[in-house]
């Protein structure tokens, strides 16, 4: 059992070293885009299925409430939280539209819409990002594996370099926490007013 635990932790460390090498610049670019989204008065819409839905809710919670520093709340909505809306849309239009219908209702040009998918192939996430792009939003994917079909509909596809779903999920939550830190510092903290 201990050797299994050690192997899991070694795999985690190896992934994070790979992420440091491959994703530092893309995460910084994404943070800049999100900071600009909030600066111009727009909002963040976030979605995913299963564990990715939980990540979307976690991300929205940190943005609306706070991450590390006291600051004004920022507008972010997780599209996986309202069971009445999700089941109404699912019943009337089908599961594939549970997110896209919400994007149609809530998104305005300049918003940022983030789809989280470990496989990169969730049809309902892809459909929502397609709708978001047509609405003039920035489309972002937190993806895994090779980015799947969702990669093609993202202005910024951020792909965790792993084919193992638990590792991808660990990478996603690390990126989410880093983004929360950078957004807060960029708007209210040590990076505010800098040319970063």
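Positions of Cβ are set from backbone N, Cα and C atoms, glycine also.
Values in this document were obtained by computation on a predicted structure and should not be read as measured data.
Marked as domain 'SIS' by Swiss-Prot: 34-193.
Under 8 Å, Cβ to Cβ, and six or more positions away along its own chain, residue 117 (substrate binding site) finds 48, 49, 52, 125, 141, 142, 143, 144, 148, 150. Summarising the annotation, Swiss-Prot assigns substrate binding site to 49, 50, 51, 62, 91, 92, 117, 118, 119, 122, 169.
Annotation source Swiss-Prot lists Zn(2+) binding site at 58, 62, 169, 177. Residue environment of residue 177 (Zn(2+) binding site) contains 15 other Cβ atoms, counted within 10 Å of its Cβ in all protein chains. Taken residue by residue with DSSP, residue 177 (Zn(2+) binding site) is part of a helix.
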**Complete:** Fewest C-beta neighbours within 10 angstroms among the binding-site residues 49, 91 belongs to 91
**Fill in**
Cα-Cα, residue 62 (Zn(2+) binding site) versus residue 119 (substrate binding site), nearest Å, comes out at 24
**Request:** Count the Cβ atoms, other than its own, that fall within 10 Å of the Cβ of residue 169 (substrate binding site), considering every protein chain shown.
**Result:** 20
